[in-house]
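Peer 1: Before we start, here is the structure in question, set down as structure tokens.
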Amino acid sequence: MTHEEHHAAKTLGIGKAIAVLTSGGDAQGMNAAVRAVVRVGIFTGARVFFVHEGYQGLVDGGDHIREATWESVSMMLQLGGTVIGSARCKDFREREGRLRAAHNLVKLGITNLCVIGGDGSLTGADTFRSEWSDLLSDLQKAGKITAEEATKSNYLNIVGLVGSIDNDFCGTDMTIGTDSALHRIIEIVDAITTTAQSHQRTFVLEVMGRHCGYLALVTSLSCGADWVFIPECPPDDDWEDHLCRRLSETRTRGSRLNIIIVAEGAIDRNGKPITSESIKDLVVKRLGYDTRVTVLGHVQRGGTPSAFDRILGSRMGVEAVMALLEATPDTPACVVSLSGNQAVRLPLMECVQVTKDVTKAMAERKFDEAMKLRGRSFMNNWEVYKLLAHIRPPVSKSGSHTVAVMNVGAPAAGMNAAVRSTVRIGLIQGNRVLVVHDGFEGLAKGRIEEAGWSYVGGWTGQGGSKLGTKRTLPRKSFEQISANITKFNIQGLIIVGGFEAYTGGLELMEGRKQYDELCIPFVVIPATVSNNVPGSDFSVGADTALNTICMTCDRIKQSAAGTKRRVFIIETMGGYCGYLATMAGLAAGADAAYIFEEPFTIRDLQVNVEHLVQKMKTTVKRGLVLRNEKCNENYSTDFIFNLYSEEGKGIFDSRKNVLGHMQQGGSPTPFDRNFATKMGAKAMNWMSGKIKESYRNGRIFANTPDSGCVLGMRKRALVFQPVTELKEQTDFEHRIPKEQWWLKLRPILKILAKYEIDLDTSEHAHLEHISRKRSGEAPA
């Protein structure tokens, strides 16, 4: 962005006014969006107004519409719900109510409206916009507004952000609040699992989501449930027999518990509701199992927003302001949404229409169509769930292949989930699956055993690495590794791990020249808290680490708020990769985040100190600074702490905190469980195909570059990339990819922390159309 363009961003909002409101059911992360809209609005020079109590506040006006300041959105990020209040509003549905709302906006000169809510709230906003000119002429006729006021406010711009825990809005992969709701559900499922195992019970859990089965589906994937009932795909007519057979099979395999997940809108093929109680009665009557029902209810809306929702809310809020300020009378009202990890703008009414089409398809019992309309992400979740839950492994192993799975590098939450799904999908395909303990070292020493179906039972929710993981690379022990590949007849290798898994893969490729035994297909599933594996935008375990850092920062900020005038300097992990520091900075509302990828000088440190000195003069008397562990060898955490302590004398005092290895622990978040499960399934499917492809003269021989890949999430899809091709994109000295997508989120961090920056202010999304997205551009 040139200096002039940047200057344009900072003056884009001058003379304009934006109102922000939250409507409909509340969702965690709405506050992050409100905070971003307010701060970016102020950054561009616009005036920003809070509308309290949703549309009701818009209709009632007066004290309900208040101007927001920079400080008024401080300490909001970590709060659940919506601070400015929300209400379901009857008045706004009537034209009379909308007339009053228009009057209130015109009087304040507000012509830009940012609505955060579900599909109902967004449809209401669009109606309001289409009637705007008629409403103004009515107000003018009635003498409530002058001709001048009418001309000044001659059109209304609207942008929507989807805040709903149900994730039922078409066109966006994740709505604000969905991830946090999954956190609440998984916390409960984990807690119930322990008591169910003690008593050998069956639990029926009912989750929210109205007519959308997303929460139920992802929960089932994330906890390895025995059965799930979702409205989009009712069970076959003989489901009662099938369910009971499935539950008793699980028990005979040695499981001590059964978990059944029910979406509140679940129905059978005839459209008759399936209730939790009816399922309980069925299980008790047919099988005599001790069965309990737990209806989760409004717990799912509560609690602290997850790191994902805070970042999502913040990114969407920034994009919303840009969309409003760039809008013209001819641009359609748009929704800012997420596709893969990219912000996109979609026409509001197209999204609403598709969302209505789903309801219509379900009412007409066209369930396949409803599934398709939900998008590719939903379909993928369903396919993987069906594979893992409903298909029995074949008894005979004729024509089977032998695949080995291992962990390499440092432990990361979600590794076990990846191993579980790899093992089970492998068994379903009729393969022999071996697990290797302690990484390449174990492969060399022959610490290898065969895994059966129940070997990996209950692994999804367990943190760390149950197979054991080491950073050792294979080169030194090619002899022993080759011998064991022959001894155990290993025909394919799935490596779950971090940067070492990738470099180990490269070494295996080089070793193929000397050792024929190494000519077997292998795939790397990136799993590391640092998120520094080339070929993937995300790695398994990073989301869990991010939430751990966030939780700690929240507690630290609370302590600082109590003591006043205190600045905390926190050191995060990540090696040379600044992903954790940047994303945690965004999610925890840090004043600065120092990273290796963005070199900084003593002058930058000085600017930050001066910035904090200014901040202490406002009502917000605390600071939070994050520092990546290897961002600079001389400006260490101690150095920065000493500098801040000296410069802040008499104005603020400083404290430091090194988070350390707690970032590698904890039980995996729903995102990591789900991501790992899907990656494992995808890797095993690829592996089966590759082995068949490389089968020649009774043995496996794979020596092409595409037989050694990294499986990664790239923008909107899961892709396999040959490790040799990724070599060019890697900075081996610092163990990071040369290009990293999240660096473009850095300016948002700075704007939200009130820095006057000369940088591109936004990742800039262009208006797209939803039909294109449905035809297969959604992420996997």
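Any Cβ shown, glycine's included, is placed from N, Cα and C.
Worth saying up front: this structure is predicted, and the values here are computed from it rather than measured.
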Peer 1: Record says Arg88, Cys89, Gly118, Asp119, Gly120, Ser121 bind ATP. Source is Swiss-Prot. Which of Gly25, Gly29, Gly177 does it list for that same site?
Peer 2: Gly25
Peer 1: Let me know which member of Glu131, Glu240, Glu264 Swiss-Prot also records as binding substrate at the site of Ser164, Ile165, Asp166, Arg201, Met208, Gly209, Arg210, Arg292, His298, Val299, Gln300, Arg301.
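Peer 2: Checking Glu131, Glu240, Glu264 against Swiss-Prot: the substrate site match is Glu264.
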Peer 1: Give the helix, strand or coil assignment DSSP yields for Ser667 (phosphoserine).
Peer 2: coil
Peer 1: Given the binding-site residues Cys89, Gly118, Val299, which one's Cα is the least distant from that of Ser377 (phosphoserine)?
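Peer 2: Nearest candidate: Gly118.
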Peer 1: Near Gly118 (ATP binding site), meaning Cα within 10 Å, which of Ser164, Val299, Gly575, His661, Gln664 (binding-site residues)?
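Peer 2: Checking each Cα against Gly118 (ATP binding site), the hits are Ser164.
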Peer 1: Cβ-Cβ under 8 Å from Val299 (substrate binding site), same chain, 6 or more residues apart: which ones?
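Peer 2: Result: Arg184, Ile188.
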Peer 1: Pick the one among the binding-site residues Ser121, Ser164, Ser530, Gln664 whose Cβ has the fewest other Cβ atoms within 10 Å in this structure.
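Peer 2: Checked Ser121, Ser164, Ser530, Gln664; of these binding-site residues, fewest Cβ neighbours within 10 Å: Gln664.
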Peer 1: Name the secondary structure element type, per DSSP in three states, that contains Gly118 (ATP binding site).
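Peer 2: Going by the DSSP assignment, Gly118 (ATP binding site) belongs to neither helix nor strand, so it counts as coil.
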Peer 1: Near the Cβ of Gly25 (ATP binding site), how many other Cβ atoms are there if near means within 10 Å?
Peer 2: 21
Peer 1: Roughly how many Å separate the Cα of Met208 (substrate binding site) from that of Arg88 (ATP binding site), to the nearest whole number?
Peer 2: 18
Peer 1: In which DSSP state, out of helix, strand and coil, do we find Gly575 (beta-D-fructose 2,6-bisphosphate binding site)?
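Peer 2: Coil, per DSSP.
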Peer 1: Please report the distance from the Cα of Asp119 (ATP binding site) to the Cα of Ser164 (substrate binding site), rounded to the nearest angstrom.
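Peer 2: About 9 Å separates the two Cα atoms.
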